[in-house]
Amino acid sequence: MKRPKLKKASKRMTCHKRYKIQKKVREHHRKLRKEAKKQGRKKPRKDPGVPNSAPFKEALLREAELRKQRLEELKEQQKLDRQKEQEKKRKLETNPGVKPSNLEPVKEESGQCKAKDKPKSGKQNPKKLYCQELKKVIEASDVVLEVLDARDPLGCRCPQAEEAVVQSGQKKLVLVLNKSDLVPKENLESWLSYLKKELPTVVFRASTNLKDKGKIIKHLKVRKRTPFRNEVCVGKEGLWKLLRSFQETCGKAIQVGVIGFPNVGKSSIINSLKQEQICNVGVSMGLTRYMQVVTLDKQITVVDSPSFIVSPVNSASALALRSPASIEVLKPVEAASAILSQADARQVVLKFTVPDFKNPLDFFTSLAQRRGLHQKGGSPNLEGAAKLIWSEWTGASLGYYCHPPTSWTPPPHFSEAIMRDMKQGLNLEELEKNNAHSIHIIRGPRLASSILFQSSGLTNGIIEEKDIPEELPKQKEKKQEEGEDCDDLDSDQDGVEESASVSMLHEKSSEMSRAGRGLGGTT
């Protein structure tokens, strides 16, 4: 006997019932909104970030990046410590008869080996790690690119590093004039003719608009626009052909090391050659802390290196411009005063639209009043104005230039035979044509709109670990306090860490925005 088919219940209903249900739903939602309004619960607002009108935006971003780096290093150190503890527990479980005292020396020995293999360690001085990594890069390289800021090429040269390259064997040293779009063409040509007498020199301008590796760019609703002048890389073909010609003469794969002082654009040059953002770049000085190997093709490999360490025997302006430290660590008024003492006062007045000044403090007062930087009570914020000058001078936006020396004399660490050997195996005729083409393409500022800067000459650096000066007790106490603060933050989750750093950033930006409410109307 067949079973009767069971019909499913129909979902149809009368209009009266459907409208009644809809009315009840609306009333329920209205009630929930009313209660939420009474309790004050609102949707969390999106983080707006640091406003562009904030006068210390670059300095704040530097601090946030440095804080993030410290947190990452401490995380790595804690991870290594946890791994060591787990290994010790496993050994105790596998060998229950062995006493813990017998395992302790083994643990210490293994820890020493790991410290030698890995550069990351909390106890070792970071400056010594920089020296170790820099030596590794120089020893592993066949060609060494010394990156110079075209605004002050002589101040970006380190005689100690160049001497180390010469003493390390048969290596080629090539100078790269980066940020060449920030100086007038006449000045760039004069510096090129001066530097190429000693070493092969490449005119370069790194690209700043590169795709980040691993990120997908959405092309929906993107307007077509012409590229900015700093987005296009200039000098890449000339540098690439120079390296390719040397590789062909060698007949083997070569490694190219990139060295230089902080904030000259070492990582940006590597990213421009690779056409991808592989190395970390940013407004913070000294982002690269360990050597990083980047493969361009099967025959050419580029090695990024940490920056040179500035010797304390240099002038005050050199220490202010080349030190990989935050503006909070340096004394901003002293650093900015040292920079202003080397600049043309008349051109500085025209550039920043302030009246004539007799001393740096007078200039900082006028600039603070011009930009609306005030403290409580209405007094001008001199320290804020000094930070603004320091951040603009060390950044990649202000155009200034230096005149090359009138007479050329070879440096003491270079003889005629050494300079001749550096140029052998390189196609210098092709390089000269590419440099002329690059200078023709680059649209630099006019000579009248740039600031003339008096260079302090070659900047001495520290290459050997024994030459690093010992830290004062006050500096050690400050570092210990910073380490304790970072340890407390590391115990939280990743999201809490980010929110804490962002909140700190906003507190500072809000304070500055209160002081500089009139900034938007004046600039």
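Each Cβ is built from the backbone N, Cα and C atoms, and glycine gets one as well.
Remember, TrEMBL labels are computer predictions, not curated facts.
Features of the protein shown, as given by TrEMBL:
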COMPBIAS  1-45  compositional bias 'Basic residues'
COMPBIAS  72-93  compositional bias 'Basic and acidic residues'
COMPBIAS  105-120  compositional bias 'Basic and acidic residues'
COMPBIAS  463-481  compositional bias 'Basic and acidic residues'
COMPBIAS  482-497  compositional bias 'Acidic residues'
DOMAIN    131-311  domain 'CP-type G'
REGION    1-57  region 'Disordered'
REGION    72-127  region 'Disordered'
REGION    463-523  region 'Disordered'
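Across the region 'Disordered' (1-57), DSSP helix (H, G, I), strand (E, B) and coil residues number 26 helix, 0 strand, 31 coil. Confidence across the domain 'CP-type G' (131-311), taken as the mean pLDDT and rounded to a whole number, stands at 81. Secondary structure of the compositional bias 'Basic and acidic residues' (72-93), assigned with DSSP and counted as helix (H, G, I), strand (E, B) and coil, comes to 22 helix, 0 strand, 0 coil.
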